Amino acid sequence: MAWYDAVFVQTGRSPALWALVGFLITFAVVRTVTRRIHARQVEHEDTSGPVRDVYIGGVHVHHQVWGILLVLVSGLLTFRFRPESPWIDVLALLFGAGAALTLDEFALWFHLDDVYWSTDGRKSIDAILVGGALGGAILLAVSPVGTTNESNLPAWLYSILVATHLAFALVCVLKGKLATGILGVVVPTLAWIGAARLAKPESYWARRRYRGTKLDRSRHRFGPAYQARRDRLRDLLGGAPADGPGGTPGGPPSADR
């Protein structure tokens with residue numbers, strides 16, 4: 001299609017588009033499957049159907065393994081052969097799918113434990129949200145650092161602007177807003193807003209700089225109501241944890257997908 005070619009192929013955005021498509025579709029499919037498997041196990045239903053956990057040699061193979069392999073293979077093929085469209089788009093689709101499979105179990109390799117259906121498992125949803133948002137930002141961005149030197153500024157001035165922008169993104173991280181900091185690298189406005197707003201009370205920034213009223217404001221803003229809103233979004237996307245409100249106590253502690 002002429003529109004697709006003009007908007008995505010000629011601008012170099014088509015790989016980013018297909019990586020994002022692969023990421024979102026794979027996450028939707030894998031979470032649907034894992035939630036179904038988990039529900040059957042909790043209800044002690046038959047789990048011998050086509051949708052079930054994968055075991056090789058008696059070992060439960062988590063889907064992050066297939067994700068890591070997809071990311072490695074698609075990445076290496078891209079670096080080695082640098083194909084043109086449509087093959088670069090196929091590799092990008094596989095890369096996005098692999099990234100989704102891997103990040104959907106981010107909590108497992110963060111904690112080095114099978115916490116998929118625990119409250120700690122919500123970190124996987126955080127990782128998916130950041131990954132999806134970052135993919136969208138990169139698709140729309142004109143530069144890896146969110147800005148280009150279209151005004152032909154002197155190199156030293158442009159370097160100062162980029163360094164300032166990255167400093168704002170770092171401030172976001174120090175304020176406990178990791179997702180905002182990561183996304184702020186690509187979207188400068190997001191970094192500026194995140195750096196200007198209150199830090200989370202447990203962050204490095206708050207521990208070093210907040211006292212009295214300001215610390216109280218931070219604790220109020222990021223208190224139970226804030227956490228409850230976050231948890232509702234996570235549970236909507238990934239399912240309620242077995243050990244949390246709305247979950248299913250007594251669910252399998254391991255191999256539970």
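Note that Cβ sites are derived from N, Cα and C of the backbone, with glycine treated the same way.
Among the features that TrEMBL reports, transmembrane segment is placed at 16-33 (among others).
Under the heading transmembrane segment, TrEMBL lists 91-112 (among others).
If you look up TrEMBL, you'll see 124-143 (among others) marked as transmembrane segment. If one looks beyond the transmembrane segment (124-143) by at least 6 residues along the same chain, the residues whose Cβ comes under 8 Å of a Cβ in the stretch are 13, 16-17, 19-20, 23-24, 27, 96, 99-100, 103-108, 116, 178-179, 182-183, 186-187, 233-234, 237-238.
The transmembrane segment feature in TrEMBL is assigned to 155-174 (among others).
What TrEMBL lists as transmembrane segment is 181-199 (among others).
The annotation region 'Disordered' is assigned in TrEMBL to 236-257.
Taking pairs at least six residues apart, the transmembrane segment (155-174) and the transmembrane segment (181-199) share three or more Cβ pairs below 8 Å and count as touching.
At the 8 Å Cβ threshold, with sequence separation of at least 6, the transmembrane segment (91-112) comes into contact with the transmembrane segment (16-33) through 3 or more pairs.
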